[in-house]
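Per TrEMBL, these features apply:
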type: REGION; residues: 71-94; note: region 'Disordered'
type: ACT_SITE; residues: GLU215; note: active site, proton donor
type: ACT_SITE; residues: ASP359; note: active site
type: DISULFID; residues: CYS430-CYS473; note: disulfide bond
type: ACT_SITE; residues: GLU487; note: active site, proton donor
type: ACT_SITE; residues: GLU528; note: active site
type: BINDING; residues: THR615; note: Ca(2+) binding site
Amino acid sequence: MSNPLPYSMKDVHYDNAKFRHRSFSKVINQALLTRKIKRDCLSCSTGKFLVLVLVFGLGCLMLTHTSPVPSGSGGLANDRTTDNTDDGSPRFNRFWRRAPRLPPRLSLDEKGTQSGLNHDHVKSRSKWIARQQNVKDAFVHAWSGYKKYAMGSDELMPLSHHGVDGLDGLGATVVDALDTAIIMGLDDIVADAGSWVEGHLSEKISQKGHVNLFETTIRVVGGLLSAYHLSGGDGGMRLTNKGPKPLVYLETARNLTDRLLSAFTSSPTPIPYSDVVLRDSSAHPAPDGLSSTSEVSTLQLEFNYLSMISGDKKYSMEGMKVLEHIKTLPKEQGLVPIYISPRSGEFSGENIRLGSRGDSYYEYLLKVWLQQGAGHHGNFSYLHDMYMEAMKGVRNLLVKKSVPNGLVFVGELPSGFKGAFSPKMDHLVCFLPGTLALGATRGMTKERAIKENLLTFEDLENLKLAEELTHTCFEMYAVTSTGLAPEIAYFHTQEFSEDGHDGGNKSSKYVNDIIIKPLDRHNLLPPETVESLFVLYRITEDPKYREWGWQIFEAFERYTKVDSGGYTSLDDVTTVPPHRRDKMETFFLGETLKYLYLLFSDADLIPLDKFVFNTEAHPIPIKGAMTSS
C-alpha cells in the first residue's frame with residue numbers, strides 16, 4: 001500500500017490540478033480540447049484516425065462491461081445501475097474496479113484441525129450433558145425417597161424410612177426442592193410439590209407455632225418466590241407449565257411474610273427478634289436475648305423482591321432498616337462480631353469469623369447491591385462500600401497459608417482483633433470464593449470483564465483469592481478417604497499443628513496441611529464448595545472446576561446414596577466405609593444438586609448477570625436485568 005501524501009484534508013479540495021481529483025474520462029476530454037493537441041491532430045489525417053479509434057474503443061468497453069442484473073432484483077438493481085459518481089462515468093469505474101477478494105482456502109491440514117476442534121467441542125458438550133443427566137437422576141432418587149417416606153415433613157430419615165420436622169414444620173424439603181425441579185424440567189415432581197404447596201402449606205402456616213425468622217425466610221419464602229418467577233410470575237422465565245398458577249406461590253409467600261414481620265415490629269431497635277409464633281403473629285428474642293449477625297442481615301433479598309412484585313414497600317423497608325443500621329455500627333476493617341442484640345442494637349461479643357453466624361452477612365452485602373442493579377436503582381452504593389472494606393479486612397486479618405504446601409485458607413479471631421488467630425475453617429466458609437468472584441466481575445465472564453477494562457486492582461486481588469480458596473475447598477474433599485469434606489477443618493501452620501488427625505488419603509499432596517479433629521469429621525451433604533465451583537466455572541470458564549465438581553458428585557453417589565431412596569449424611573469422612581447418620585438435609589435437594597446441575601449446564605441457564613442466588617440457592621431476578629435482555 002502506498003504512503004499517503006503529506007498534505008492535510010483541506011488541500012484535497014483546493015482548486016489546483018496537483019491536488020484535485022479528476023476522472024480518466026475528464027482527462028481525455030480536457031486533452032482533446034487543448035489547442036496544441038487539436039492543432040496537431042487536425043493537421044494529420046492519421047492523427048484523426050487514431051483519435052476516432054481510441055474514442056470508439058473506449059465507448060465499446062464502457063457499453064459492454066456491465067454486471068448482469070439478476071431477475072427479480074427490482075428496485076435494488078435499478079438503484080445500482082443508475083448510481084452516478086461525481087465524474088459521471090459509472091460504467092468505467094466498474095470496469096476499472098479491482099476484482100473482489102475471495103476468502104482464503106484452508107489447506108487439508110487446516111481443515112482437519114478445524115474439524116477436530118469442532119468434534120472435540122461436540123464431544124465435550126455431550127460429556128457434560130450426560131453428567132448433568134446423572135445429577136438429575138440423583139435428584140429424582142432423592143425425591144423418590146422423600147415422597148415415599150416423608151412427604152410434607154421437613155426432612156427425610158432415609159435409613160429408618162420416616163420424616164422429621166427438624167426445622168419449622170412447614171414442609172421445608174418440598175419448598176426447597178421445588179425450584180430445583182423446575183430448573184431441571186422435572187414436571188412430575190413440580191406437579192407433586194406444587195400441589196402440596198397449594199393444598200397444605202397455607203393451613204400449616206396458620207396453625208404453626210414457633211419458627212426461626214432466618215430459616216423460614218431463606219428456605220420457604222425464598223423457595224416460593226423463586227418458584228413464582230420461574231413458573232412465569234412477574235413476566236418470569238416460565239420454565240414449567242405444571243403445578244398451580246404462579247399467583248399461588250406469591251400469595252402463600254406474602255401470607256407467611258406478613259406474619260414474620262412481627263419480628264421487626266416487636267423489636268425496640270431495627271434489629272429483629274430471631275423467633276416468631278406464626279399462628280398469632282407474635283415474636284420474641286432467643287433465650288440469650290441475642291440474634292446472629294448473619295441471620296438478621298440475610299432476609300433482604302427475599303423481602304426486597306416480595307415488595308417489588310407485590311407493590312407493597314413494607315417488606316423492603318423493614319429488611320433494609322437492618323443493613324442501614326449496621327452501617328452506622330463500629331467495625332474493624334469492615335469485619336463484625338457474629339452476634340448482635342435486638343434490645344440495644346449493638347454488636348455483642350468479639351468473635352469474628354466467616355463461618356456459622358457470620359457468613360451470609362458478607363454475602364448479602366454484595367448480593368443485595370447486585371439485586372438492586374449494582375447501583376443503577378436507588379442509593380445502595382453503601383452496601384458495595386461495606387462489602388469491599390470487609391473483603392480487604394479478610395485479606396489483611398484472616399487469610400493465611402498452611403505448611404508445608406501453602407494452601408490459602410480463611411481462619412478466625414475467636415477473641416477479637418487483639419486475640420489469637422485460629423486456623424479453623426468451617427466448610428461453610430467455602431461460599432466465599434464464589435462471592436469474591438461474583439463481586440469482582442458482577443456475574444460476567446472474566447474474559448469479558450478484562451476486555452472491557454472493568455476490573456479494578458482490588459477486583460483482581462479478590463478474583464485471585466477466590467481461585468486460591470476454591471482450590472483449598474476442593475482439597476478438603478480430596479484429602480479424605482471418602483473424597484468428601486468434613487464439616488470443619490484446621491490447617492497446619494507455623495504456630496499450630498496436631499499429629500494423627502489427617503483425612504486418611506495418604507496419597508494426597510496436602511495430607512499434612514489439613515487437620516480433621518474427631519468431632520468435626522461429619523458431612524451433611526453440604527453445598528458451599530459446589531456453589532463456588534459453579535460460580536468460578538461460569539466466570540473463569542476453566543474446565544477444572546467442572547472436573548472437581550464431578551469428583552465430588554461421584555463421592556456422594558458412592559458413599560451417601562441409599563438404595564431405597566434418598567441420600568444420607570455421614571458421621572466420619574476419614575474412614576471407609578463411613579458410618580451413616582440417617583438424615584437428608586433439605587439443602588441437598590435445594591442447593592447441592594442444583595449447583596451441580598448448573599455447573600454442568602450451559603451458561604444461559606440462570607445466568608449470573610440476571611440472577612442472584614439467595615443463601616439457600618433460590619434464584620432471585622436482578623432488578624431490570626430481565627427486561628433489558
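Glycine residues also receive a Cβ, built from the backbone N, Cα and C atoms like all the rest.
What TrEMBL says about a protein is an automatic prediction, not a curated fact.
All protein chains included, ASP359 (active site) registers 25 other Cβ atoms within 10 Å of its own Cβ. Proximity note: of the listed recorded positions (GLU215, ASP359, GLU487, GLU528, THR615), GLU528 have a CA within 10 Å of the CA of CYS473 (disulfide bond), given in sequence order. Neighbour count (other Cβ atoms within 10 Å of the Cβ, all protein chains): 29 for CYS473 (disulfide bond). GLU528 (active site) is 5 Å away from CYS430 (disulfide bond) when you measure Cα to Cα. On a Cα basis, THR615 (Ca(2+) binding site) lies 10 Å away from GLU215 (active site, proton donor). Note: the Cα of GLU528 (active site) and the Cα of ASP359 (active site) are spaced 11 Å from each other.
Taking Cβ-Cβ distances under 8 Å and a sequence gap of 6 or more within the same chain, the neighbours of GLU487 (active site, proton donor) are ASP426, HIS427, ASP520, ARG521, HIS522, ASN523, LEU524, PRO526. The two recorded residues, ASP359 (active site) and the residue listed as 'Ca(2+) binding site', show a Cα separation of 10 Å.
Long-range C-beta contacts of THR615 (Ca(2+) binding site), restricted to its own chain and to partners at least six residues apart, with a cutoff below 8 Å, comprise ILE218, THR298, ASP359, SER360, GLU363, TYR364, PHE431.
Cβ-based crowding with a 10 Å cutoff singles out GLU528 as the top-ranked of the active-site residues GLU215, GLU528. Of all the Cβ atoms in the protein chains shown, 29 others lie within 10 Å of the Cβ of CYS430 (disulfide bond).
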